[in-house]
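Peer 1: So Swiss-Prot lists the following for this protein:
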DOMAIN    18-184  domain 'FAD-binding PCMH-type'
ACT_SITE  Arg163  active site
ACT_SITE  Ser214  active site, proton donor
ACT_SITE  Glu285  active site
Amino acid sequence: MKDQLQPGVSLALLTAYQVGGPAEWYLQPTKAEVLDEALGWARRSELPVTVIGAGTNLLISDVGIGGLVVHLRSWRGTQILEEGLIEVKAGESIAALAFQTARRGWAGLEWAVGVPGSIGGAVVMNAGAHGAQFSDTLESVEVLTETGERRRVAAGELGLTYRSSLLQQRDWVVLSARLRLAPGHQPARLIEHIDEFNTFRHRTQPSGFPNCGSVFRNPGGEKKAGWMLDRSGLKGQSVGAAQVAEQHANFILNRGGATARDILTLMTRMRDRVVADWGIALKPEVRFLGRGLNWAG
């Protein structure tokens with residue numbers, strides 16, 4: 001295991017925003033025994049452990065992350081347990097899985113085709129789009145607890161709500177997810193739905209610059225976060241090289257050379273403007289990781 005641990009690995013290019021400093025220690029495991037040994041070493045060394053997947057919903061501090069960063073990008077594999085029931089490792093792409101299951105005629109993940117994250121991140125954040133969310137098809141997850149115990153946890157025990165789960169408060173590593181999909185559908189029809197979702201996404205969301213998707217959660221009710229940010233005149237606002245997208249006000253773009261501090265400052269400005277105009281304090285959809293990067297509110 002020690003020969004796979006790397007000190008001082010830059011995390012910027014491993015995230016959608018392409019900002020952030022180095023990991024004190026970095027590991028990209030592919031085997032269970034390597035992961036178990038590394039987590040045991042971190043416990044004995046009293047080092048904090050941070051787990052990342054596709055890096056699509058993260059803002060990492062400019063000074064980096066202390067302790068051990070476990071990158072599950074290569075933790076891949078899908079097992080068909082029965083018709084419509086699959087076990088998927090945490091590093092698998094949720095968008096790729098949406099295509100694969102649609103081609104089998106299994107419905108339930110079509111909404112996820114444009115979501116650039118991993119299965120593990122989708123579980124932790126209860127990712128969603130187009131009125132659907134990951135919890136709709138999730139049966140259970142396999143986790144590695146802070147004591148090194150492997151445990152199967154039913155979806156009903158995870159506190160899954162809009163863009164939230166109890167996993168965000170636990171020092172557990174999500175290893176895999178068990179999904180129950182609906183077989184018996186026409187693959188061509190499911191692919192047609194996927195194409196419709198893709199067309200909508202390309203029409204309404206910006207591309208061309210690094211971004212992590214929606215910055216703030218929708219607060220509930222009729223007013224969406226993007227709508228309020230738009231009406232508050234925030235499109236095009238910038239801090240350093242971080243800019244609110246002109247196409248969608250709930251996106252922040254890294255136009256080249258932005259820092260995590262730039263993005264955090266811009267997010268704070270956006271939040272404060274919406275509070276002043278609408279009396280609603282938007283909550284981040286982005287997770288903040290690393291030293292010196294704190295969200296006030």
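For all residues, glycine too, the Cβ spot is worked out from N, Cα and C.
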Peer 1: Using C-alpha atoms only, work out the spacing between Arg163 (active site) and Glu285 (active site) and round it to an integer in Å.
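Peer 2: Just about 7 Å between their Cα atoms.
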Peer 1: 10 Å Cβ neighbour count around Glu285 (active site)?
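Peer 2: The answer is 20 other Cβ atoms.
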Peer 1: In whole Å, how far is Ser214 (active site, proton donor) from Glu285 (active site) when you measure between their Cα atoms?
Peer 2: 7
Peer 1: Over all shown protein chains, what is the count of other CB atoms within 10 A of the CB belonging to Arg163 (active site)?
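Peer 2: The Cβ of Arg163 (active site) has 20 Cβ neighbours within 10 Å.
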Peer 1: List the same-chain residues at least 6 positions away in sequence whose Cβ sits under 8 Å from the Cβ of the residue listed as 'active site, proton donor', in sequence order, or say none.
Peer 2: Ala225, Gly226, Asn250, Phe251, Glu285
Peer 1: To what whole number does the mean pLDDT across the domain 'FAD-binding PCMH-type' (18-184) round?
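Peer 2: Taking every residue in the domain 'FAD-binding PCMH-type' (18-184) and averaging pLDDT yields 97.
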